[in-house]
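Trainee: Feature annotation from Swiss-Prot assigns active site, for beta-ketoacyl synthase activity to CYS536, HIS671, HIS711. The active site, for acyl/malonyl transferase activity feature in Swiss-Prot is assigned to SER980; the stated evidence is sequence analysis. The active site, proton acceptor annotation in Swiss-Prot covers HIS1293, and the record cites sequence analysis as its basis. For ASP1479, the entry in Swiss-Prot reads active site, proton donor. Residues or ranges marked as compositional bias 'Polar residues' in Swiss-Prot: 1578-1605. Annotation comment: Swiss-Prot describes 1622-1699 as domain 'Carrier'. Feature annotation from Swiss-Prot assigns region 'N-terminal acylcarrier protein transacylase (SAT) domain' to 7-243; the stated evidence is sequence analysis. The region 'Malonyl-CoA:ACP transacylase (MAT) domain' annotation in Swiss-Prot covers 889-1148. Among the features that Swiss-Prot reports, region 'Disordered' is placed at 1578-1622. Annotation comment: Swiss-Prot describes 1719-1913 as region 'Thioesterase (TE) domain', evidence class sequence analysis.
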Amino acid sequence: MAAHNILLFGDQADAPIPMIRRIVEKSRYSKNLEYFLQSAVDNVQLEVAKLTPAERETVGSFQSVQDLITALTSKSDRHGIAQMVLVFIARIGELILHAESNPTLLSSSTPLLSLGICGGLLPAAAAAVATNVGELVEVASYMAGVNCRVAAMISRRSLQIEDNAGSWAFSVLGKLVMQLPTILDGFHNEQSIPRHRRAYIAISTPTWATVFGPPSVLKKLLETSAALSKSDITILPAFGAVHAGHLAAPEFEELVDESPLLNKSIKSGYKLLSGSKYAPFAGSSLRDLLPQIMLDIFQNSTNPSRLFEVGGSYLQKGKELSLYMLGATSYLVLLRRSLHAQGFDVALKTNAPILQASELRGGSGSVAIIGMSGQFPGASSVDEMWELLMQREELHKKIPSDRFNADDYLDETGRGFNAITTAYGCFLEHPGLFDHKMFNVSPREAMQMDPGQRLVMHAVYEALEDAGVANNGSVATDSKRIGTYIGDGSDDWRELQQPHGVDKYILQGTQRSFTPGRLNHHFKWEGATFCVDSACGSTASAVGLAYRALVNRDCDTAIAGGSNIIATPFWQSALSKGGFLSTTGGCKTFRGDADGYCRGEAIGVIVLKRLEDALYDNDNIISVIRSYARNHSADTVSITRPHVPAQERVYRRVLQKAGLEPNDISYVEMHGTGTTAGDSAELESVVNILAQKGERETPLVVGAIKANLGHSEAASGISSIMKAAIMFRKGVIPPQVGIPQKLGNFECLERGSVLIPGNPIPYTRQSIGKKRTMIVNNFDAAGGNSCFVLEEPPVPQIKAPDPRPYHVVTVSAHCPQSLERNEQLLRQFLLDNADISLADLAYTTTARRMHHSMRSAYSGNSIKAIVDGINRVLSKKKEAPTARKPPVVFAFTGQGAHYAGMGADLFRSSQAFRATITSLQRICESHGFPPFVQLISKSESPVEKATTVQIHLALIALEIALADLWKTWGIAPDLVIGHSIGEYAALYAAGVLSATDAMYIVGRRATLIQENCKEGTHGMLSISGTSDDVAAILSDERIMSSCEVACRNSPGMIVLSGEHEELLQIEGLLKDQQIKCRLLDVPYAMHSHQMDGIVEGLREAAQGVLFGTPRVKVISTLLGVEHTKFDSDYLVRHTRQAVNFEQAISHCTSHGLVDKTSLWLEIGPNPVSLGLIRSNTNVTSDRALHSLKNGDDNWKSISATLASFYKAGMSIQWREYHRDFANNLSLITLPKYAFDTRDFWMKYTEGQRHSEVQPISTCLHRLVKQEDTAKEQHATFTAEIGHPSLLKIIKGHKLSGITVCPAGVFSEMSLTAARYLLTNGSSKASFPSLSVLDTQIDHPIMPKADSKQTVQVEINRSKQSNEFFVSIADQAKPSVINSKCVVRLRDEHAFDLERRQMLEVIQPKIAKLTKAAAGGRANRFQGKLFYRLFANLMDYTGQYEGVQEAIVSSDFTEALATVQLPKAQSSGESWTLSPYWIDALTHLAGFLFNGNPMNSGDYVFIGIHMERMEIVAKDLSTDVTYQCYAFIEQSEGSDIYRGHVYILDGDLIVGFLEGARFRKMPRTTLHRILGKAEPVKNTKQVPHPTTNGSAIANGVNRNPSHNEPSTPPVANGVNGTNGDQSDRKSLYSVLVQQLIEETGMEESELTPSTFFVEIGVDSLMSISILAALKAETGTELNASFLMDYPTLEDAQRELRRLEGKDSVNSNDQSTMVNGKEKTRECNVVLMQGPSSSTSRKPVFLIADGAGSAAAYIHFPKLGQDLPVYAVESPWVNDPENFVCSFDEAAAMYLAAIRSKQPHGPYILGGWSAGGVFAYEVARLLLEAGERVLGLIIIDITGPRHEDRSKVESPTMEIIDQIGMLSGIERNFDDTTTQSRRLKQHMLSTVTCFSKMDPTPMSPGRHPDCTFVIWAKKDILPKAALDTLPAGLNAWFYPSSHDLGPNGWDALVGNKMEYFQIEGDHFSIMTAPEVTQLGKIIQEAIGKIS
């Protein structure tokens, strides 16, 4: 039957964007179309994922057709994939709309004529088998993927010919069409164009034709053809060759898979015409149709005029035809003209009417759980949690003391303040542990982070590893499509932090929204983030949101879960008072003795994907979420009371969504908290809906995890889901604790069929007789009910083994400790599981892991080989990681290395390698070359029978395929080099030659050799000797007269070419001289005169190919240097002249193209070139890598090389490496990542309650934690520095004018802590006798302005030891130890004996000194004078002053003092040993150093260590006068001195201090250590005491030595300056010190390779650190310094370089403003460039209205060696005081600029308000006679004269309304101090401007040029601008944004230039717009400098 309907599909060259936009708009009204658009994109995504990385990059990441349009418009679609797919989708979209409007259109009974050209045949094929819209959607979705494959194949075939930008086609109109064949033939002959590169006519009609060809050929054709230059030519959007019968046809089987849709039958009335046969395609199914269509697309040319003419014969005459134009097409005119000429009337059908279609089902609606991780009470993992469940463990215990002291709050009546009625809970073991370095968080910030946030980060990482998810590893793991859903219901940590004050990281650490935000930030995910608080339902709600987001396609992978950590008593008290909690212990779920719930802690995270994606991605599916529902108990009598009907409704809803019946549910994981009302209501609702008696074959099993682990509140939902999910894997239902013995009396159980298991029950599909499904309930106290249906995972398919025998196993970590531990864990796992699949192990550790900088890798063919490799690595020291990608060199092998089957293993098992080889074979066949594949693919191939052409082609094809393979795996070269013929493959790898051209030239070259050279007459002789041997040979005329050098391989290796007989004689001659040589088994003498006969033929062949510009460096082995211009002459010389490999390698090393880190990869069949490379360089074996090796399996070589690349820091594309074998591989579960953790826990303290608790002692206040085990004792104490009694002690002790905590306080804390443990805290127990040993003071403690400073004292003792180890640290920085010592139980008997012996030595010294004083030979000081002399360093209050009188030897080396111990001034003081007494009894030694008036006041002696202190505290009394004898000595040859003090009570030594070490240092160094700005100069002279004897000797002599550290430990562990050197510390040491201060890191953790970002240094911290460095050293660094030099090693190198120059000191001079001395200065921040430049004038940018230099931190580099300064407001830190006039403020900016550059010429500028200040500064400079080269004003209108009376007074609300605060709000949370400060400064600036009256510049005094830069977009919409307050906005927003002068011309004159930039006022200052802004400023500076 003839047709009267025509479908016109056009071709793929039509513009798709208008078509796509139309159907996207229409899809809002068509569910069929909406579903098709998503389904088509899904299929294309899957196909794109199969492309090579380079091909994928051209399409980019996409989730919709709109995203594909972006690829098209951004011009990244260089392969035409997006173009072809979009046109297809648009045409099918139009057909869907027409078919919805006319349902009979697709009916099998409707005759249809279908016409399409080229790619238009593909949508026509889909229509051929679709009988309705539903079928069309299904088939077309599949065909969208086929389109993608076709586009990729077109591109691949074309790129093998030419990889060059440009179009592959143009059209010609007019009479010239008939002459085209003649024109093309003439052009080809004239240009010697080889056949494969020729232009050809693909589509022709009588009036126009389309010519296709390589872009460079078409360009040359159009340039050289006079006829074409005069014709109407249109360049077409063609991305490759189609209709190209002269090219090798692709394997069409690769384009069509085994989809069942291919079996669909072609409709009987459907006629699809072939454009080459001009008849309907034959066949009965889509499978038959597609290969014919492919042939028409790829090979056959077509004539549309003839096609349309023939089409008319299939149409019904005499009836109006309906012509459906399915998307725009240029063929419409031609078709209509043809039809009209044949006498048809045509009705054109274009825009189909819209009908609302019925909704289609969108996918399965199921979501897979593919990974999980968690921590639970008593369990650090999910597996450990499961074991607890199986063992019936019930884990409640008393609240640990490290949370809070439960006894302080326990009150069973519940009436007390914050009282708790129960002290029980279920707790995690170590909630404070966190690997801060792993997540780039400084210790300081980590302490502020909620422990739930920290542990969730750990859990997410573990869950991702469990799931095998790495960013961008698959379509579903696109980082832009991963969302995070976290449930959190607690603010405990924020409440805990409040008494300690607000730190700058408290916001992001404790505000709950930062948990998902931090996860996305760290893992670089762009999906949505949600933090959910629905009380106990928080994590269930989070999982529910994640489920819905996946089903709704809002994301493709979701992370869901949350945490519950108990840190304060507040909620314990609230829940106690509310009657929720059990007073007797754990949750007694379903039990008769249930009395409330027991609070619990938990962390849980799951990873989710849509089920279809999980299956496609080869994931391990733990469970499937079939449906989810949530409702609210609206009708309950109380908000917290459960409601049975509401629960029943949520069950019905979730079953309906899942399509299940109640009997399908075999298990319910109940909410089951153990509250009577809750359990009863839940059981009743479950029985009513799911478990009525008589309606079930088997009882419904129920259980609840809370009976074991407590109610983890916000985390309870995720805990229940994880337990339920793992039951599918384990195949067991665990027993319920306390059942059946204590089962409660629930009435509903009598009428229900319910089983609560008391023992484990098998839970398999077989055990229950059907597929397992279960329900998980989660209810919350606020009335919400959540319910999930979980289903068992699909049964895994049995997989064939991986054909690769060798594999790579990798291990990586963020730090060395974690790496070693990960290796140990993996080794143990492999020893325990030796039977696992090596392939699965390799796949899991490579393709399914996130990889870090610290790496190890192992290759092998067995698990044992991997274990042996790990053992070898663990037995030796680790090497530092490679922080940066090393340079990669591809070295291509030359001839002679081939062998049969050289790529056989790869050819057999790697589809990608095989496809490249077969494709190259087809190309060669099209040129008439013989087949060569068997030389690569078959080991048994008779290689000796192969021709030279076959061997050369096989070698180059192998190398091209290997190069492509390595690139696909992520290994791309930075440099290529090829030996001899290998250079052709190198030129391909560099982009100089296309694959087709390379194969063509190599084939023609070999053919010419065969045709023109005689085999066997000539040969090649390889010679190996010393360099002297080679030199002698080359100078020997007997040798060189008959041959020539073919290859110079190394100083001792050459190859000679010549006639065979001559070479035999030379061989004999050399062997007689004991020189190694051998004749090579080659038939010709390459690179010799034998090649003369092929020169012209080769030149002619090469002239027809395109030589591109190298994309990577090419080292020519012809020229021996890097070369960039290649042509036919080069290839001729390359064939004829010698290979200069030696010089080429030498050039690489001498010109820095390679270094010791470079990786050399040989691309070829054997590692021949590597030997030559190593003989020319010192390349180590681990850097010389090969692809293949004769005798080794291909995969052995490749896996070993990949392992080396991985260890060297290369980013391997592991998914690509395993792609061909995905169906053979499975993800396996491996040991968890070994985090390198530190404890960041802080015990809760409550200010008011602390004052009520009696401190342990005056110096040691509270016990935080105590742990006693059989082997050891450990305790943690704290002391509040701000406590009045302790603060009084500290304030009485000043060091050089600065209050510093005395060492005696540290000793007292240590003694008290030890005493507490020994006496169990009893104040009545007798004092133990204790010694203090090895006291070290590393960091001073200085009280801060606030009173929240807390010291933490840690004490440990082994039960077998009598020694306690004590460390003292500021609790805010627990990693920085201030002091440490050992406290030892004293052996009284030994001590008595020792002090008697001591007395015998000391008494004669005392007597001698006393006699000297009596004879006037020693100094006698009374107490007051003693302390006046000591005031040189120490300033004591009276409580410390115990010395009554002192006798000091004349040389100040020994002294004797009488000491009266100070009496206590407060009855509340309590001690073990008073710090006042310790100091009074021992500071005599310090006096001998620092009280000596003859010592220079520039130096001081500081105590740093005390070896031993023995004081019998119980014997001391304030009523006794003691004698103290002291002497000092110098350590030999050092700045270290030692002091000793002995304390006597009559004839009894009651104590002594031995080995007190002091370091001599400059006083200025001490001031820097203590943070003192200026040293205190003593203006009062202390009178020299007169004596009857000789004058006091000179000060102690110093004798430098290198035995001791050069810096005292108090200097924060930073290596500083020696005392005899300059006072100035090194810049690097100050930087490290500031890093430690800001981040809280320990110095030992800072390694040279540490990245600043990894330890939490952000832009704000960076500015703070650099400001401190400037303050201490006077050196000013770029604000971007820590970004420019991102590691410590980088920074150290640059700082050392800078220290070779003069540093720039900040200006100290004052400035006069209005006659008054200015007390403020502007901070001038160096943003870019050197601090001084002799060649370039600096640029000064004045800060905007917010006052901060941070506005300019995103600026790109504005010029080479150009100093760029930002001038900050003087009021940036206290904007409230910014009340001066505009003129006064400008004068301050002027002074700051002149302090840096006293005289001009100047370059000034500023953004926003900074531009106005810059104007005024420029005016003032010009008035002073200075020259201003340029004034740069960024987006601010000229401050024109306005009627100020009209201007409203600025307020915060008004400036917010006009948009001035939006920039701050974009970057800062409004709650931060910084945000408020910046906003206040903005208001102060506007207020200042409101009073200004700008003065125009004087005539003749203008900048050389003024540049004004405008943002094109308004901050606010136009409508909003119209409503702004009158007047004020006029200064900032022009009345009409004309992007011109806008008032500036009235002030600066007419010499102005204007620029404009996309973006608004604020966005232009950040990426990406700031890049363009930087370019404009660079251009402006370039014009004036």
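Yeah, the Cβs are placed from backbone N, Cα and C, and that goes for glycine too.
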Trainee: Write down the Cα-Cα distance for ASP1479 (active site, proton donor) and HIS1293 (active site, proton acceptor), rounded and given in Å.
Mentor: 10
Trainee: How many whole Å apart are the CA atoms of HIS671 (active site, for beta-ketoacyl synthase activity) and the residue listed as 'active site, for acyl/malonyl transferase activity'?
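Mentor: Between the alpha carbons of HIS671 (active site, for beta-ketoacyl synthase activity) and the residue listed as 'active site, for acyl/malonyl transferase activity' there are 75 Å.
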Trainee: Compare the Cα of the residue listed as 'active site, proton donor' against each of the active-site residues CYS536, HIS711, SER980 and report the nearest.
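Mentor: Of the active-site residues CYS536, HIS711, SER980, HIS711 has its Cα closest to that of the residue listed as 'active site, proton donor'.
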Trainee: According to DSSP, collapsed to three classes, what secondary structure does CYS536 (active site, for beta-ketoacyl synthase activity) have?
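Mentor: Note: CYS536 (active site, for beta-ketoacyl synthase activity) is in a strand by DSSP.
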Trainee: Taking helix as H, G and I and strand as E and B in DSSP, count the residues of the domain 'Carrier' (1622-1699) in helix, strand and coil.
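Mentor: Going by DSSP assignments, the domain 'Carrier' (1622-1699) contains 50 helix, 2 strand, 26 coil.
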Trainee: About how far apart, in whole Å, are the alpha carbons (Cα) of SER980 (active site, for acyl/malonyl transferase activity) and CYS536 (active site, for beta-ketoacyl synthase activity)?
Mentor: 73
Trainee: Any idea what the Cα distance is from HIS711 (active site, for beta-ketoacyl synthase activity) over to CYS536 (active site, for beta-ketoacyl synthase activity), rounded to a whole Å?
Mentor: 9
Trainee: For the region 'Malonyl-CoA:ACP transacylase (MAT) domain' (889-1148), what's the model's average pLDDT?
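Mentor: The answer is 93, the mean pLDDT of the model over that range.
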Trainee: Report the same-chain neighbours of CYS536 (active site, for beta-ketoacyl synthase activity): residues 6+ apart in sequence with Cβ closer than 8 Å to its Cβ, ordered by sequence.
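Mentor: Long-range Cβ contacts: GLY489, HIS671, HIS711, GLU713, ALA714, SER716, GLY717, ASN778, PHE779, ASP780, ALA781.
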Trainee: Near HIS671 (active site, for beta-ketoacyl synthase activity), how many other Cβ atoms are within 10 Å of its Cβ?
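Mentor: Cβ-Cβ neighbours of HIS671 (active site, for beta-ketoacyl synthase activity) within 10 Å number 31.
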Trainee: Among all protein chains shown, how many Cβ atoms are found within 10 Å of the Cβ of HIS711 (active site, for beta-ketoacyl synthase activity), not counting that one?
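Mentor: Looking across every protein chain shown, the total is 33.
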Trainee: Measure from the Cβ of HIS1293 (active site, proton acceptor) and count the other Cβ atoms within 10 Å, all protein chains considered.
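Mentor: A count of 23.
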Trainee: Among all protein chains shown, how many Cβ atoms are found within 10 Å of the Cβ of SER980 (active site, for acyl/malonyl transferase activity), not counting that one?
Mentor: 24
Trainee: Per DSSP, the residue listed as 'active site, for acyl/malonyl transferase activity' is which: helix, strand or coil?
Mentor: coil
Trainee: Relative to the Cβ position of ASP1479 (active site, proton donor), how many further Cβ atoms are located within 10 Å?
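Mentor: Step by step: centre on the Cβ of ASP1479 (active site, proton donor), count other Cβ atoms within 10 Å, giving 25.
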Trainee: Any idea what DSSP makes of HIS671 (active site, for beta-ketoacyl synthase activity), helix, strand or coil?
Mentor: coil
